[in-house]
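Engineer: Below is the structure I would like to discuss, written out as structure tokens.
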Amino acid sequence: MKLVPFFLNFLFLLYQPSKCGSTTNSSTQIISPMLILPLKTQEIPSSSFPKAPNKLPFTHNVTLTVSLTVGTPPQNVTMVLDTGSELSWLHSNSTRIQQAVFDPTRSTSYRPISCSEPTCKTRTQDFSIPASCDSKNYCHAVLTYADSSSSEGNLAMDVFTIGGSNFTGTIFGSMDSGFSSNTDEDEKTTGLMGMNRGSLSFVSQMGFKKFSYCISSLDFSGVLLLGENNFTWILPLNYTPLVEISLPLPYFDRVAYTVKLEGIKVKGKLLPIPESVFVPDHTGAGQTMVDSGTQFTFLLGPAYSILRNEFLNQTMKSLRVFEDQDFVFQGAMDLCYRVPINQTWLPALPSVSLVFRGAEITVWGERLLYRVPGEIRGKDEIHCFTFGNSELLAVEAYIIGHHHQQNVWVEYDLEKSRIGFAQVRCDIASQRFGLFH
């Protein structure tokens with residue numbers, strides 16, 4: 001329920017014992033255990049996509065999930081892992097036929113939160129829509145996302161158990177209504193796990209000072225690590241500082257993982273994009289966010305146009321441009337190509353590098369083009385450039401999606417307020433942690 005979330009299916013959990021115990025209060029800082037979780041990518045079948053003459057709907061075609069238990073006795077749940085959201089939530093509407101739900105009436109440790117409690121009054125300040133009171137005086141939340149999906153319900157607390165470690169008093173949303181832009185994805189998940197820097201996010205409540213992930217390609221498993229790590233073979237990481245502002249601005253998400261994008265390169269050459277294009281304006285619009293809950297990367301119009309034109313110019317001789325100018329994949333990706341169905345390889349493509357202050361992510365090869373599921377023209381498949389125009393989605397921000405974080409070790413260092421990147425073979429990293437699939 002995000003901007004095109006990515007599907008990583010957690011096969012099992014491996015708990016690394018530590019001296020940490022459970023926390024009895026969600027606001028209490030704890031000494032974090034180290035949790036190592038294997039990841040595997042999966043796609044929703046192409047038959048799940050509604051057919052449209054030209055434009056494909058802006059919807060989820062991949063999701064990222066984590067498996068855990070909630071409640072007493074424990075109920076198995078599957079949650080979309082999302083670094084771009086704060087409040088974790090679970091579907092709790094028992095009328096969802098053949099869909100995963102959490103049943104609060106079956107949990108003796110479940111407790112709804114009233115709107116008079118400090119949690120409702122002060123810790124919901126970063127919600128886009130202010131929390132309110134329902135008819136029973138419970139704290140009511142309405143969450144909306146960029147793909148027009150939404151979720152609505154009450155704040156509550158219960159026991160969350162990951163890898164044998166219990167986290168009592170975890171605050172989440174017990175949601176009984178909402179709208180999903182993809183019912184196929186919705187059937188597979190029980191809710192969403194928020195991982196941004198807000199006080200009610202999962203990582204904040206658990207007291208983790210650091211977490212990392214390494215996302216592999218569709219054929220291999222990656223890894224998610226919650227907590228501190230001392231694995232020197234991962235280093236060196238190149239760090240970029242998180243951007244923070246003191247005053248609230250209407251279009252600036254203060255609890256997102258915001259970094260400073262300084263430029264874009266194609267084939268190692270810095271594009272002539274004015275520095276001002278990457279600077280948020282007086283309203284806060286134009287920030288750059290690193291978001292595992294978004295699949296592709298979206299750029300504001302001026303930067304996107306320059307990148308699109310340069311990539312098009314460098315590929316015109318090696319690829320056949322899709323002639324339908326009205327075709328826009330995911331509502332924002334309008335540079336597409338025709339590739340013969342029987343062609344098993346793509347020609348050499350110019351690399352694209354995102355340059356941050358102190359760090360850089362380089363995208364090359366097949367990650368630059370994405371085969372659109374179910375779209376065939378004659379004997380050709382349609383492949384689209386994996387960078388999109390965020391302004392076509394009415395999103396006033398740069399969003400760095402997980403597709404361009406594949407085979408990169410990404411470390412979120414909350415204590416030092418920075419993000420680290422390092423090129424890593426994620427399938428090999430998974431094996432180094434003893435995770436075999």
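Any Cβ shown, glycine's included, is placed from N, Cα and C.
What TrEMBL shows for this protein is this:
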| type | residues | note |
| --- | --- | --- |
| ACT_SITE | Asp82 | active site |
| ACT_SITE | Asp291 | active site |
| DOMAIN | 64-422 | domain 'Peptidase A1' |
| SIGNAL | 1-20 | signal peptide |
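Give me the lay of the land around each of these features.
Structural biologist: Within 10 Å of the C-beta of Asp82 (active site) there are 27 other C-beta atoms, taking all protein chains into account.
In the shown protein chains, 27 other C-beta atoms lie within 10 A of the C-beta of Asp291 (active site).
Taking the domain 'Peptidase A1' (64-422) as a whole, pLDDT averages 90 in the prediction.
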Engineer: Measuring Cα to Cα, tell me the gap between Asp291 (active site) and Asp82 (active site) in whole angstrom.
Structural biologist: 7
